[in-house]
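**Q** Starting off with a structure, shown below.
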Amino acid sequence: MTTHAANDLRPTPSSQGIPVLDPAPPLPDTNPVAFFGELSKQFPEGIFSLNIAGQENVFVYDPDLVTEVSDETRFGKPIFAPLSHVRDYTGAGLFTAHEVDDGDAWGMAHRILMPAFSQRAMKNYYGQMLEIAQSLVGKWANAEGEPVRITDDYTRLTLDTIALSGFGYRFDSFAEEELHPFLNALLEALVESMRRSQELPGMTALRTDDDKRYRKNIQLMRDLVESVIKERRQGMSSGEDDLLGLMLQATDPDTGRPLDDDNVRDQVVTFLIAGHETTSGLLSFATYSLMRNPHALAQAYAEVDRLMPGDTVPDYDTIMKMDVIPRILEETLRLWAPIPQIMKAPLEDTVIGGRYELKQGTKTNLLMGPLHTHPKAWERPHEFDIDRWLPENRARHHQHAYKPFGNGRRACIGRQFALTEARLALALVLQKFKFSDTTDYKMDVREALTRKPGDFELVIRRRQEHERAVFGAVDLQSDDERQQTAVSGVGVNLTVAHGSSLGSCEDLARTIADRGERSGFGTTLMSLDELGDNLPTEGLLVVVAASYNGKAPDNAQRFDDLLGAGLPEGSLSNVRFALLGAGNTQWVATYQAFPKRIEEGLLAAGATPVVERGIADAAGDFDGMASRWMDTLWATLAEEYAADTSEASGPRYEVQLLTESDVRPAIVSEQAYPLKVVANEELVADATGLWDFRIEPPRPSARSITFELPEGVTYDTGNHLAVFAKNEPALVNRALKRLGVGYDQVLRLDLPAGGRTHLPVGVPVTAGILLTEFLELQDVATRSQIHTLAEYTQCPWTRPQLQAYTADTEEAEERYSKEILGKRVSVLGLLERFPAVEPPLAVFLEMTGPIRPRFYSISSAPSANPRHVRLTVGLLEGPALSGDGHYRGTCSSYIAGLEPGDVVYGYVRVPSPTFAPPADPATPLILIGPGTGIAPLRGFLEERAWQHERGIQVGLAQVFVGCRHPEHDYFYRQEMRDWEQAGIAQIHTAYSAVTGHPARFVQNAIVGAADTVWQAIEDGAYIYVCGDGRRMAPAVREALAAIHRQKTGSDDETAQHWLAQLEADERYQQDVFA
């Protein structure tokens, strides 16, 4: 072991032990790992020890310490309890095999079974996966409107899938309401295994009835598995290429021996357990997470609707093209890893972190919950954020801070199987259904060997056609359908070498070799080990290789040794090479490790790359990535070896890309800058069935939209963001139709008299662009504009009608105020109402004002991400007050249609008067923001959460949120729960459409919490009100005045003076709108 000075070493931080006889502090009967997770909060060092029944247990969760414990040269995988009890029915299966006592049982099984979990094998299993997933969908379709036990049904799904795909056996779990006897026996056995691991020595022997039931359950499982094996041996079942077929027929490539019957049985039981327990937990937690994170749910629905429009049955390629759903699954695994801990033990006495000494064999547990949320590795660690798993963010992850599938060579072999099955199941479920949490489910984690949500029920209904996004046809063109670049390689040697354990890279190499041979190259296909003995001295070399846990595949290990020793310098100076590296981005620490070593070795030997090293990610669109790289390779080779070459000439034209500020400088002010859309998510859920709409109609859409600021631009919590909008196409077409001008009609405006204008002068522009980007089409018509309209009609009836609004009389003013101003009638509305008015286009342009920026309260805090600005925007939509058709707000409808990658123009503005949190974070807050009024207040809370996570003392915030129904339009609901749980906020709700709820509006909730509100004010709280200024803000003010009168016995005048003084002291601030 590494030596350390004695004064460097220190004891592992320790919690009070749990000795054999002393019951305090008690280890809970259920969820022990959750108990350990709670204990971890007391030890910021990321490590602590706990004596349980006389045995030292060390718990590790600091990512840097976990890095050391993950080193397989220093730490092995012991089989401690509860796995030692699970061995009663899994024996020397892959999950529970001892590394020493079971000889090479694990190695043999692992080597034999690895091909069964290759990318190629996943395609073979897909048909069975789809069949079982469709059974789940069928069951749920028949239960529409009824509570569905989510976790139970996902358990049925995953058990049936592994049984059918792996062993050709049908449990038919969806045919009966009760769980299959095998599943009940398995669940009871797992619970008993966990119980045995927690109780004191000798206690198990006293529970004789429980032991009999345990043995009976084990026998039931073994009987079923042995009958499946017997039937297969007798040829009564098909599926020789599945897991069972491999175990019965294949031999170990190292020893030449097959698995014995007992080990085959142990492996089948192991896969039936591991193959369904973790995946059902993952799907259950993912569904729960989507219910609590509508922004992620909206992205998932959008992806499913794009790739699986209507009732399209997805094929394997479609599932593997998904991006959002895999990121949802990965973020779920981070926050809710079904395997809550990994057991390790030092192979010899060692020291980690330079200070903590661990004796050989010490039970060392890696805690997934604290590790996966450790602030050293994760920003906003408890927030469900699927963007963590975008490629550019994934690359920055700590290499050992994410281990939901275990570690190293003993990590889960079935990872790809589980994730492929989960992708498919979640995609089908989202394609078909919407969920409703009518009971406001509170997470109740149940631990056995794995963990799942307990008693998790949702009401399910089928998605309607209008709820699905409409996209153009998805291009799923296969490689064979693509037009291939013509290449002639006559006289050129092409060596294609593969490093492959599972067969996927060999398949790709064979595809390249076949194409090369058809193109006339002198082609040789070989393994990398064979290449080591036959290195080319000229021509082309193409290598396709994978990593397995950072190491070379089985048929490339000698070549890896050759690379380690170094290829002779200059030996490949006449060779050009192309390299495709396969891997899995979920293995951050070892991703592309071996292909990188190949690349470095080839370059050092003088080889020249033809194209950049390609990557094919088994966690994503593996086939698509490989195909695109091969297309690039052949296109590059075609430039040198083209069958029909012709000299390409450059384009005749130069294209200058203009920004909006170039095109409409008088509209987009000089202070504006481009804002790139990062995300645009729906916040409002379907309200069908939630309440009687005669009480109150559902609210229109509301969006959470995130923009990326340019480099160097900053903002403060409470600022506004100005957004320059564009008119909707439907509105523009209405106006153009009324004016008798076509959308594509090209115009050029001149300004003979000169002067300033907001319109583009002297340049060609279409009428459609002119009305879309330059004119405010929905402003209320002024009396002056109506007077102008009256001048452009010859109709003897129309002119008096218009003049009735513009005459210099009180009656005309009152009529204008009531019929035009009160009903928000625009110039366009008047033109449609009075068809006899015929103003020239030039007159309409002159009388219509420039389109203005809209100002929105920023819903985020720069401390969370200084370049990301979030807005919360409610779509202003409904029957027009004028009675003429439907009204949609100009900017809110524009924002609703934006997609990630779009660019708009705007700028950050400091509101006047200011609306900002107090400088001292310890100051208590009272935040009142119903509906979209929560916008700036969310930013306040996000800032407080950021401060709290960094140990800064923050004052408690009393938060009053209001909506129609919590399942419909409670914005940022999960965040509010999280902040309340963190102790930085106390949430008070008002539901206007929920009969029987204590508060219908926020002012009712304020009065209901009068004691709490008054105490906060007495403690120096600052009050912030945001939202409707016409009804809500005055009602809130009156509620606060009423509390003052109640608490002090004052009259209304005194109470109002008190509020005025709070305003003068800036302790009462409002950000309200009409």
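Glycine residues also receive a Cβ, built from the backbone N, Cα and C atoms like all the rest.
It should be emphasised that the depicted structure is a prediction, and the values quoted were computed from it without experimental measurement.
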**Q** Among 1-24, 241-264, 553-576, 865-888, find the range that TrEMBL records as region 'Disordered'.
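**A** Within the set 1-24, 241-264, 553-576, 865-888, TrEMBL attaches region 'Disordered' to 1-24.
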**Q** Any same-chain residues 6+ apart from Cys412 (heme binding site) with CB under 8 Å of its CB? Would you list them in sequence order, or say none?
**A** Ala274, Thr278, Phe405, Gly406, Ala418
**Q** In the domain 'Flavodoxin-like' (494-634), how many residues does DSSP assign to helix, to strand and to coil?
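**A** Going by DSSP assignments, the domain 'Flavodoxin-like' (494-634) contains 61 helix, 37 strand, 43 coil.
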**Q** Taking DSSP as the reference, which of helix, strand or coil describes Cys412 (heme binding site)?
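**A** In three-state terms, Cys412 (heme binding site) counts as coil.
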